Amino acid sequence: MVPENYSRITEFLLMGFSEEPERQPLIFGLFLSMYLITMFGNLLIILAVSSDSHLHTPMYFFLSNLSLVDICFTSTTVPKMLVNIQTQSQVITYKGCITQMYFFLLFSGLDDSLLTVMAYDRFVAICHPLRYTVIMNLRLCGLLLLVSWITSALYSLLQSLTVLRLSFCTVLKIPHFFFELACSDTFLNNMMMYFSIGFLAALPLTGILYSYVKIVSCICGMSSAQGKYKAFSTCASHLSVVSLFYCTILGVYLSSASPHSTHSSAVASVMYTVVTPMLNPFIYSLKNKEIKGALRRFCAMAAIKGTTVLGLKSSL
């Protein structure tokens with residue numbers, strides 16, 4: 001049988017985690033809560049960094065951009081799933097699939113790139129502290145961010161254009177909560193995917209590992225125990241986020257490699273697309289005195305402004 005061409009396909013069905021109606025309210029509430037926590041936590045990080053002059057450093061510049069990317073990354077999948085549950089409709093259009101895939105790949109690539117840039121920032125800060133402000137100047141920070149956006153955009157565009165040549169079978173049900181490739185001859189796409197993974201995942205990971213090898217070597221060469229602890233504490237949060245990010249990616253690919261792992265693949269994808277962006281603000285703020293101090297000052301300033309506004313309204 002000759003498979004139907006994608007031009008005849010206008011809709012797909014995203015089956016999600018469960019088709020049982022009694023479970024839908026629980027799934028809706030769970031994902032809505034995680035999405036709101038993700039938005040609120042990452043938005044607080046952005047506001048704290050932008051409002052506090054003490055945090056106008058390369059490290060927090062990249063952290064605020066990472067928070068922005070995490071908000072966008074989660075927003076590519078979760079709102080659509082919540083709408084589908086609320087409207088009891090599992091339909092996503094073909095154009096919606098391609099659009100979702102483009103932005104999903106864009107922001108996941110940006111996550112990867114920013115984590116690599118942040119590892120380089122920690123490397124310079126710990127191994128070359130006297131030259132840190134000279135090396136990590138505003139121009140270089142802007143250039144690193146621009147390169148991250150360009151490479152991620154080109155990668156996602158290339159993947160999206162490659163999907164356009166695919167044909168799809170008549171079975172249009174996708175057992176997932178966001179769009180993935182349906183049945184088709186995906187040999188070229190698989191080759192492109194493995195190449196791009198090698199270039200845009202293994203290469204950044206190599207950069208991160210290289211940076212941390214140098215950091216560990218530098219820390220081991222320090223004579224002061226207090227200096228070692230301070231140096232390690234500055235990169236502990238980033239190392240935790242990197243470990244969580246790559247472990248969840250590994251879980252997604254290991255679960256998708258099995259032919260009978262639809263549910264486990266969906267769960268692994270949730271860890272990657274929802275849980276990781278939700279936990280990042282907590283990881284960076286719980287043991288970071290500068291972030292906690294900035295958040296307290298921001299909340300205090302917001303409370304004072306709110307009290308002032310209420311006082312003015314009452315006086316009128």
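Each Cβ is built from the backbone N, Cα and C atoms, and glycine gets one as well.
Taken from TrEMBL, the feature transmembrane segment applies to 26-49, 61-82, 102-120, 140-158, 191-213, 234-254, 266-286. Taken from TrEMBL, the feature domain 'G-protein coupled receptors family 1 profile' covers 41-284.
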Arithmetic mean of per-residue pLDDT over the domain 'G-protein coupled receptors family 1 profile' (41-284): 80
Residues of the parent chain within Cβ reach of the transmembrane segment (26-49), under 8 Å, 6 or more residues beyond its termini: 16-18, 55-56, 60-61, 63-64, 67-68, 70-71, 74, 78-79, 81-82, 85-86, 274-275, 277-278, 280-282, 284-285, 291, 294-295, 298
